[in-house]
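Following: one structure in structure tokens, then a few remarks.
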Amino acid sequence: MAQKKDYYEILGVPRNATEEEIKRAYRRLAKQYHPDANPGNKEAEEKFKEINEAYEVLSDPEKRKLYDQFGHAAFDPKYGAQGSGGFSGGFGGGFADFDFGSFGDIFEDLFEGFDIFGTSRRRKEAPRKGADIYVDLELTLKESVFGCEKEIPIYRTEKCSVCGGSGVKPGSAPVRCQKCGGTGQIRSRQATFFGEFTTIKTCDACGGTGTIITDPCRECGGTGNVRRQRRVKINIPAGIDDGQVITLRGEGESGIKGGPNGDLHIKIKIAPHPVFKRVGQDLYIEVPITFVNAALGGEIEIPTLDGKTKVRIEPGTQNGDEVRIKGKGVPNLRSRGRGDLVVKFIVEVPKKLTEKQKELLREFERLSSEEGYEKRKHFWDRIREAFS
């Protein structure tokens with residue numbers, strides 16, 4: 001007779017495995033090698049039997065203790081182990097005398113629809129949360145910076161107000177399903193290698209409810225819910241950014257079997273602005289100025305989201321120079337502060353000049369010195385150093 005395989009090795013767990021680790025390994029293997037998942041596969045049937053034998057011992061603290069001390073001999077009748085907590089008859093006689101007691105909860109989870117213990121329990125559908133609804137909401141840059149209140153239409157399933165969600169016409173009642181006898185389940189027997197199994201399926205006539213609605217509610221047509229449009233108000237906080245999501249609890253689809261409603265998730269989309277660009281908490285604006293403004297300096301009026309304001313141009317301003325106007329940017333969602341407005345100057349050179357303008361510029365050039373052009377002076381200094 002071939003030597004029995006180690007029970008720990010069968011389940012693929014170490015000898016110091018916890019009860020939860022053993023149970024988890026058993027669940028995985030039992031599902032993999034269950035006869036109903038491997039019809040006609042003798043090797044799978046033997047493996048399934050082996051897995052159950054190992055779990056029967058290792059899931060019981062007393063039996064596991066004996067096995068750790070004496071090995072397979074602890075449960076071999078010829079060694080007299082039966083009186084010490086061993087199996088009554090071992091496994092030689094197949095599954096006729098096999099104790100499935102410790103497997104009930106596991107099989108119930110793994111093989112829903114298979115009643116291997118002959119029970120007739122009916123599993124009730126638990127209350128479930130309704131589905132969430134996802135929508136996009138476009139805002140202007142100004143709305144996102146200062147916040148606002150929006151009202152948007154959404155379509156969602158709600159409990160029928162006429163029948164209260166029962167689907168039955170007020171004043172009438174559902175009748176017992178004749179096909180399943182009110183159990184909500186259809187049972188059939190199936191012969192397998194291990195004996196006769198009873199398969200349980202949801203009744204297709206009543207959908208598992210055990211009752212049939214013969215006089216449905218006219219408002220919902222017997223479904224218990226209706227599809228309606230609702231307008232939902234949303235408070236947009238100041239400083240919200242593109243891509244952020246606002247969640248309104250309980251504004252989603254209606255709950256199932258008395259469960260809570262789902263949630264409404266609003267994803268913010270900020271439309272591009274023709275003048276301003278947002279980067280974090282700051283706003284950026286490009287302001288074109290003449291080369292005369294850049295050279296002489298001065299003060300100009302520019303737009304902000306708060307209204308018009310004046311900004312100073314320093315004499316000698318270069319193309320791309322920036323100035324910051326404090327507190328004219330985007331509010332911080334988590335504090336009271338605001339970012340800045342960053343003004344970038346774009347020095348514009350005229351493409352067309354009159355003869356008089358050209359003459360004046362040539363005169364200006366004759367009167368200019370290298371000292372007035374720092375970048376130009378440094379450039380030629382580097383050239384001279386490089387080739388000297």
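Just so it is clear, glycine is given a Cβ too, placed from its N, Cα and C backbone atoms.
Remember, it's a predicted structure, so these values are computed and weren't measured experimentally.
Features reported for this protein in Swiss-Prot:
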type: DOMAIN; residues: 6-71; note: domain 'J'
type: ZN_FING; residues: 147-229; note: zinc finger
type: REPEAT; residues: 160-167; note: repeat 'CXXCXGXG motif'
type: BINDING; residues: CYS160, CYS163, CYS217, CYS220; note: Zn(2+) 1 binding site
type: REPEAT; residues: 177-184; note: repeat 'CXXCXGXG motif'
type: BINDING; residues: CYS177, CYS180, CYS203, CYS206; note: Zn(2+) 2 binding site
type: REPEAT; residues: 203-210; note: repeat 'CXXCXGXG motif'
type: REPEAT; residues: 217-224; note: repeat 'CXXCXGXG motif'
Item to check | Ranked first among 160-167, 177-184, 203-210 for CB pairs under 8 angstroms with the repeat 'CXXCXGXG motif' (217-224) | outcome: 160-167
Item to check | Candidate binding-site residues CYS180, CYS203, CYS206, pick with smallest Cα gap to CYS220 (Zn(2+) 1 binding site) | outcome: CYS206
Checklist entry - How many whole Å apart are the CA atoms of CYS217 (Zn(2+) 1 binding site) and CYS203 (Zn(2+) 2 binding site)? => result 22
Checklist entry - the repeat 'CXXCXGXG motif' (203-210): which same-chain residues, six or more beyond its ends, come within Cβ distance under 8 Å? => result 122, 125, 174, 176-180, 182-186
Checklist outcome for this item: Min neighbour Cβ count (10 Å) across binding-site residues CYS177, CYS206, CYS220 flags CYS177
Checklist outcome for this item: Taking DSSP H, G, I as helix and E, B as strand, the repeat 'CXXCXGXG motif' (160-167) contains 0 helix, 0 strand, 8 coil
Item to check | For CYS206 (Zn(2+) 2 binding site), the three-state class that DSSP assigns | outcome: coil
Item to check | Integer average pLDDT (0 to 100) for the repeat 'CXXCXGXG motif' (177-184) | outcome: 86
Checklist entry - Going along the chain, which residues six or more apart from CYS163 (Zn(2+) 1 binding site) have their CB under 8 A from its CB? => result LYS169, PRO170, CYS217, GLU219, CYS220, GLY224
Checklist outcome for this item: Cβ proximity for CYS203 (Zn(2+) 2 binding site), under 8 A, sequence spacing 6+, ordered by residue number, returns CYS177, LYS179, CYS180, THR183, GLY184, GLN185, ILE186, GLY210
Checklist entry - So which other residues, same chain and not among CYS160, CYS163, CYS217, CYS220, have a Cβ within 8 Å of the centroid of the Cβ atoms at the Zn(2+) 1 site? => result SER161, VAL162, GLY164, GLY165, SER166, GLY167, VAL168, LYS169, PRO216, ARG218, GLU219, GLY221, GLY222, THR223, GLY224, ASN225, VAL226
Next on the checklist: Please give me the CB contact count at 10 A for CYS160 (Zn(2+) 1 binding site), counting all chains in the structure.
Outcome noted: 22
Checklist entry - Hey, how far is CYS160 (Zn(2+) 1 binding site) from CYS206 (Zn(2+) 2 binding site), Cα to Cα, in Å? => result 20
Checklist entry - Which residue counts does DSSP give the domain 'J' (6-71) for helix, strand and coil? => result 51 helix, 0 strand, 15 coil
